[in-house]
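What TrEMBL says about this protein:
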type	residues	note
REGION	28-54	region 'Disordered'
COMPBIAS	28-46	compositional bias 'Low complexity'
BINDING	Arg82, His83, Gly84, Gln85, Ser86, Thr87, Trp88, Asn89, Arg133, Lys168	substrate binding site
ACT_SITE	His83	active site, tele-phosphohistidine intermediate
ACT_SITE	Glu157	active site, proton donor/acceptor
Amino acid sequence: MISLTPTPSLVLHTNSTVFFVFPIRTRTTPPSPSSPSRIRCSSGSGVQEVRKSSEEKELSSELYESVPFPAVKAAKRVVLVRHGQSTWNEEGRIQGSSNFSVLTKKGESQAETSRLMLVDDSFEVCFTSPLTRSKRTAEIIWGTRKEEMIMDSDLREIDLYAFQGLLKHEGKAKFGAAFHQWQVDAANFNIDGHYPVRELWARARSCWTRVLLHESRSVLVVAHNAVNQALVATAIGLGTEYFRTLVQSNCGVSVLDFIPRAEGGSPYICLNRLNQTPSSPVAARSSGGRKASNRIILVCHGSTQSNAETGFPSAGDQPMDMLGIIKSQKTAELLLDLKVSSIVSSPKKACVETATVISKVQEAADCLGVDCVPRYVETKQMENLDVEDILQQSSEGKTEIPPLQPGWLNEFGDKLTGAVWEQSERAWQSLLNEVADEAKSEKVVVAVGHPALHIALMGHCLHLTKEWLGSFHLDAGSITVIDFPDGPNGRGVIRCINYTAHLGRWSIPITRSTLDDEEFLM
């Protein structure tokens, strides 16, 4: 069954471009000061609330972000998938919301891989962009399911107006300064009287209202690169300046959990997974089309001998159990796609064990042929990466360490959250210093630590505050990849979060929740 949302009031055709023109909807009431969903954007002095002045007439994403999300009656999981490779992706042509490209054979194969990744999930509904490349991807993934498919025009790709249909070098030659702004300052990019990224953020926020109001607990959304970025960002409260910061690869899978509050109102929202790709997330050396010579890979150590009792990764100094050792070996195998420059870890046993396994596999990899010499990989321990002692002190006090489930950091008290955040700030600076080694033009640093530390490190990468800690989730044995396409002094781009496909049968399912409704309430 296919249903349609309201269509554009006007469709304009040019020689190579189709423009979808939608009426602009604005709020007539000011945002509530107590709204839990108010957007907070980064600034030089930290993260501040952003207010729209009465003089501004242009469309602003913050206006829409200030509206609370609809309440959910039960835990809702939303899975976002970008379409497979298209003919215009392959040609390097600017697609925007045009509808002239179709999936390549590779794109069809990627969609089939995503179908297999999601085959065990009992989705109750699928929302899809009406554009052919996305709709075909959705059909492949949806397979023989009989549940409803809804085409939502707001899920179309970003409207790029006169840019659409051009090869990238043609856009640069024809539009000059405007094309440069699109590359370096997309949030303020203006073309044909429009601010495409601001319009996109408004559309994404509108989509969330329809998705959350739908009576379903497991939702598949199949759309595009830019609009999926906007969906992720608006869900967790990030503004338009985060465009191109949360990578979406062809057929990459991202997962968001919407968790009801006991008191009702706008739900807790947790980014459970970002950009789980059909292929290895570490093989590609570019982010957003730009080569990344510097990279930090965050590796969460595997389960420890205390996990069976606490359900939480080592709050003390425990060695890994057999499952943890297996996961560390799987991670080491995944990282063979890279030549790791250095490995740093917390001094705790589980982290050191994981780092040792990775280093041994890296050093042996170049010595498998005849007359090869083992490659030395620098491995060292950093006190700044140790948050286990902080968590251990908490577990011995009044604060109970929560189980490792979506949004678990929301249950930390302010004192514990502050201590983890301060420690992670020092750790992040140490990692930046490590990756900025001028002796090597390409530097890949692997950091092994506790999930709580790595979540905080992501926050520092995105210039957030400790209030965001509950907005991200990591599992034991997962990896998170941060690229620096503008060098170690530039802005970090998060390529993937909580990637676990390499763990095979020991990975936590991508989409299925492990919690009952009662356990989701916080």
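Residue 1 is the first one shown; counting continues down the chain.
Including glycine, each Cβ sits where the backbone N, Cα and C put it.
TrEMBL: automatically predicted annotations, no manual curation.
Annotation for Gly84 (substrate binding site): same-chain Cβ neighbours under 8 Å, separated by at least 6 residues, are Leu103, Thr104, Lys106, Gly107, Glu108, Ser109, Gln110, Ala111, Ser114, Arg133, Thr137, Ile140, Asn250, Cys251. Cβ neighbour count for the residue listed as 'active site, tele-phosphohistidine intermediate': 32 (other Cβ atoms within 10 Å of its Cβ, all protein chains included). Neighbours of Arg82 (substrate binding site), defined as other CB atoms within 10 A of its CB across all chains, total 29. Less than 8 angstroms from the CB of Ser86 (substrate binding site) sit Gln95, Ser101, Val102, Leu103, Thr104, Gly107, Arg133, each of them six or more residues away in the same chain.
Arg82 (substrate binding site) and the residue listed as 'active site, proton donor/acceptor' are 10 Å apart (CA-CA, integer value). For Trp88 (substrate binding site), applying a Cβ distance below 8 Å and a minimum sequence separation of six or more within one chain yields Ile94, Gln95, Phe100, Ser101. Cβ crowding, taken as the number of other Cβ atoms within 10 Å, peaks at Arg133 among the recorded positions Arg133, Glu157.
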